[in-house]
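First the structure, in the form of structure tokens, and then the observations on it.
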Amino acid sequence: MRCEVAPVLTGTPLLPATPPGPVLLAYSGGMDSSVLLHLLAARPRYRHAGLRALHVHHGLHADADAWAAHCQRTCDALQVPLQIVRVQVARDSGLGLEAAARNARHAAFAQALIAGEWLALAHHRDDQAETFLLRALRASGPEGLAAMRPQRPFASGTLWRPMLAHARADLLAYAHAHRLRWIDDPSNTDPRHDRNFLRSQVLPLLQQRWPQATDALARSAQLSADASALLLQQDMALLPGVLTASGALDLQALRAQSVERRARLLRAWVSAAHAPPLPAHGVAALEQEIDNHAADRHACFAWQQVEVRRWRQCLFLHRPAAAWPSDWHAQWDGAAPLQLPDGAQLRLLGAPGLRFAQPLLVRARQGGERIVLPQRGHSHQLKHLLQALDLPPWERERLPVLWEGAQVLAAGDCIISGTLDAWLQANAAALQWRTAADAN
């Protein structure tokens, strides 16, 4: 997009002449976001496209109310609508106060963002250099060293950092030239926080020796982003070749890849499923499963409400469903979908108004059930029939069993008795069991 220079100062931050869409500014009241607010408010095109601001009130400082009031006055003066959101920061989350506040803030951003809106953050080049150093000290690979992206999908819109290429000194000069007023949060100078320590102690020392240190670190972040993008293209091209028809990872196909590529394919597979990033110790644990050729292993690695399970020489990614209460049961006539305790659903598909002659009993598997299949004169153990299906064991455990009196009629829609099958065919109907993941 074509850029225009901000008025008054040469070298001040640049904004695209044409807004990418409606903008929601994350406005803390600090110097950085105050400059971005002033720049955006000075652009008629941005106002016309839709411009508003959001201030997150963390309630962690005695002056938090005064900061919110300052933000309101500033936005009123610039005629920019402001939304103030109060959040509860979990002090006992185990993440630390800084990380917990960031999580609460991002949750507020995600909730406030309207579909198609661009969430503008006021990060600059010095922030990028700090992030690069922090990631390097955590032994990050190219994805981590890419630090902050200029833009990326976020919630129902796009996260946007329009000033990422510009130095903090440029922003400060702009703020002084326009006589802006801003908030100085004392927590931003507390050296107990890693980022503040880098900002106040490490980077000034580096810049004494290497005056272009900040520029060089930010450039390294960009080069890492370029490398990461190329690697990701390769990963996504290779990924279909190691997947089964059901989307599981084929261990035999993975073994044909190098160790380094396998690690990347594992992460790409998890990312493609919109699951939380796979941690390094998770990659190591799954690498052991790839190297283990035993056919009967049933290993599992879990993190952040996600699991990778091994079964039949494949790795499956799934989100564990809620357990069924042992005594749960329901009467179901098929007229409406039946919501199951784990979020799954049972449906009777057919003509409008179709229902069973008598309500059926639906409950979880108890063990020992037997069922008479179509065109069979004797019953089979349900357990043995389920084992013969290409259905992972954790899915079998969640199958609802339908009963009519003492007779088992079905296990989900996977196994249907002769009696129920005949009724379904006579009524041009079908039984459908959808897991929580399918239902969503």
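Yeah, the Cβs are placed from backbone N, Cα and C, and that goes for glycine too.
Note that the coordinates shown come from a computational prediction; the quantities given were computed from them, not determined experimentally.
In Swiss-Prot this protein carries:
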BINDING   SER28, GLY29, GLY30, MET31, ASP32, SER33  ATP binding site
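When secondary structure is read from DSSP and collapsed to three states, SER33 (ATP binding site) falls in the helix class. Here the binding-site residues are GLY29, GLY30, and the one ringed by the most other CB atoms within 10 angstroms is GLY29. Other than SER28, GLY29, GLY30, MET31, ASP32, SER33, the residues of this chain whose Cβ falls within 8 Å of the Cβ centroid of the ATP site are, in sequence order, TYR27, SER34, VAL35, ALA122, TRP182, ILE183.
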